[in-house]
Amino acid sequence: MAIVLHSSPLLWARLAALIFSCVAFSVAVHGGGLNHGTGDWCIFCWAFSFAGTLVVILVELFGLQTRAPVSWKNFPITFACYAALLCLSASIIFPLYFLKGSSGSSEVQKYRIVSTVFSCLATIAYMTEVSISKARPGEVAGYMATAPGLLKVCETFVACIIFVFISDPILYDNHDALKYCMAVYCICFILSAAIIMLCIGECTGCLPFPFARFLSAYALLAMVLYLSATIIWPIFKFDPKHRGIKQRPSTCGGAGLCIWDKCMAVAVLSGVNFVLYLADLIYSTRLVFVNA
């Protein structure tokens, strides 16, 4: 089996991401003194990114793209985008929980600082890979390399963060309107994830309707649903008329987020996903007209 090695900016970006993510989780495991469940999440972000990047490099090194069970036009950039978001989240969460106000030994602190720095470097490397791999105007590429494809990745990732905040503790069970918001988050996440899987599996041609027009219709539906959730959630969580709490309680303090903070995070992330779906609609509609 021949080894194919072509030096390129994309290869160097992947190698940098591989090394940086490896150092981040290795240092954290070795001397970070992680005794909090959040540390496990950060380790997962770095280790998952490292393992996936290693697989991508090996597949391209041995020229196995045609034998891969996924679309190689869509998989590498999809993974790189998820890895960038995972490392970004770890770069924010890790210092908040393990550096801010930490009273550990100076040796442990040094390990944690090194992990944070290399996590940030890994995030930059993955963003660079996505930027290099992204389709240019007029270039023939997979759907996931286009702006709507990358927006789908961001939409599903934001939805996952919403699920984390909204389910621990459960924040939507005290009113039907809040249950509607949860339904919106679930429906849009499932459909966006299904679109990503269809593209990675190259199954879009099996659909009984034009895929491009379906994307535009779905983006419009998701935008409307998220707009309603963005309006409804704050009303029933922060308006005193609906038993909401307007001001942040004085009991909220210390490490981590209190219930009010999580409600606010869900409200903000709902608005973020609304903006993402709006941009998705604009780009998807543009693709339909260009193709037409």
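Including glycine, each Cβ sits where the backbone N, Cα and C put it.
What TrEMBL records for 5-138, 143-289 is domain 'MARVEL'. Feature annotation from TrEMBL assigns transmembrane segment to 12-29, 41-63, 75-99, 111-128, 140-165, 177-197, 217-236, 257-279.
Counting only same-chain residues 6+ beyond the ends of the transmembrane segment (257-279), those with a CB under 8 A from a CB of the stretch are 147, 151, 154-155, 158-159, 161-162, 165-166, 169, 171, 181, 185, 188, 219, 222-223, 226-227, 229-230, 233-234, 237-238, 245, 248-249, 251.
Between the transmembrane segment (140-165) and the stretches 12-29, 111-128, 177-197, it is 177-197 that has the most C-beta pairs under 8 angstroms. Only residues 6 or more beyond the boundaries of the transmembrane segment (217-236), in the same chain, are considered here, and those with a CB under 8 A from a CB of the stretch are 148, 155, 175, 177-178, 180-181, 184-185, 187-188, 191-192, 195, 242-244, 263, 266-267, 270-271, 273-274, 277-278, 280-281, 284-285. According to DSSP, the domain 'MARVEL' (5-138) comprises 103 helix, 0 strand, 31 coil.
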